[in-house]
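Over in TrEMBL, the protein carries these features:
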type	residues	note
TRANSMEM	12-45	transmembrane segment
DOMAIN	63-208	domain 'Peptidase S54 rhomboid'
TRANSMEM	65-91	transmembrane segment
TRANSMEM	103-125	transmembrane segment
TRANSMEM	131-153	transmembrane segment
TRANSMEM	160-179	transmembrane segment
TRANSMEM	191-211	transmembrane segment
């Protein structure tokens with residue numbers, strides 16, 4: 001007697017939910033202007049109450065704890081949104097089908113919050129030097145998914161849109177992680193939160209290793225056996 005394999009879903013529940021919510025929030029951003037960014041983007045700690053902007057004193061939003069999650073559902077433009085959602089779907093579909101929706105949802109949200117904590121430290125340091133800006137985007141969670149994909153399917157080949165050369169996922173993840181570290185240290189593409197991307201990957205790795213029972217702190221029940 002054989003056990004049938006679960007049906008592979010092109011749009012599993014969590015991925016479908018994330019795509020829908022991110023799309024709806026982006027539309028809401030268009031209607032509400034900067035209001036959502038002011039309250040729900042990730043702002044650095046210790047910002048001044050006001051700062052000069054275009055010859056006027058402008059009130060500066062302050063950090064609130066919920067921003068560690070909500071920033072991951074806001075985006076800085078249509079291109080930012082489309083790239084994140086496409087990568088989320090392309091990589092996340094296979095991971096959610098392999099893990100199940102509950103585990104995938106926990107993983108994604110932990111990666112978003114973990115990436116936010118890393119970015120909060122970096123942005124707060126930069127704010128002390130006078131560079132105050134909010135962080136938005138699901139990239140921290142997406143990079144966590146990328147890390148999980150590379151560990152689950154190391155020999156599956158991936159291609160960048162602008163570099164159509166197939167690369168094994170394990171090498172793609174290592175190369176992309178190295179680039180993000182280099183770009184973050186050298187402040188290449190200053191408008192991109194490179195350390196949030198790295199944070200999503202590192203937190204994702206730690207969570208997977210915890211579920212595998214590979215860390216000093218052990219889970220009550222080992223989740224992964226690979």
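Numbering starts at 1 and runs along the chain as it is shown here.
Just so you know, glycine gets a Cβ as well, placed from its N, Cα and C.
Bear in mind that TrEMBL entries carry predicted annotations, made automatically and left uncurated.
When pLDDT values are averaged over the domain 'Peptidase S54 rhomboid' (63-208), the model yields 93. Tertiary neighbourhood of the transmembrane segment (12-45): same-chain residues 60-64, 66-68, 70-71, 73-75, 78, 81, 84-85, 88-89, 92-93, 96-97, 101, 104-105, 108, 116, 119-120, 123-124, 126-127, 132, 134-136, 138, selected by CB-CB distance under 8 Å and a gap of 6+ residues from either end.
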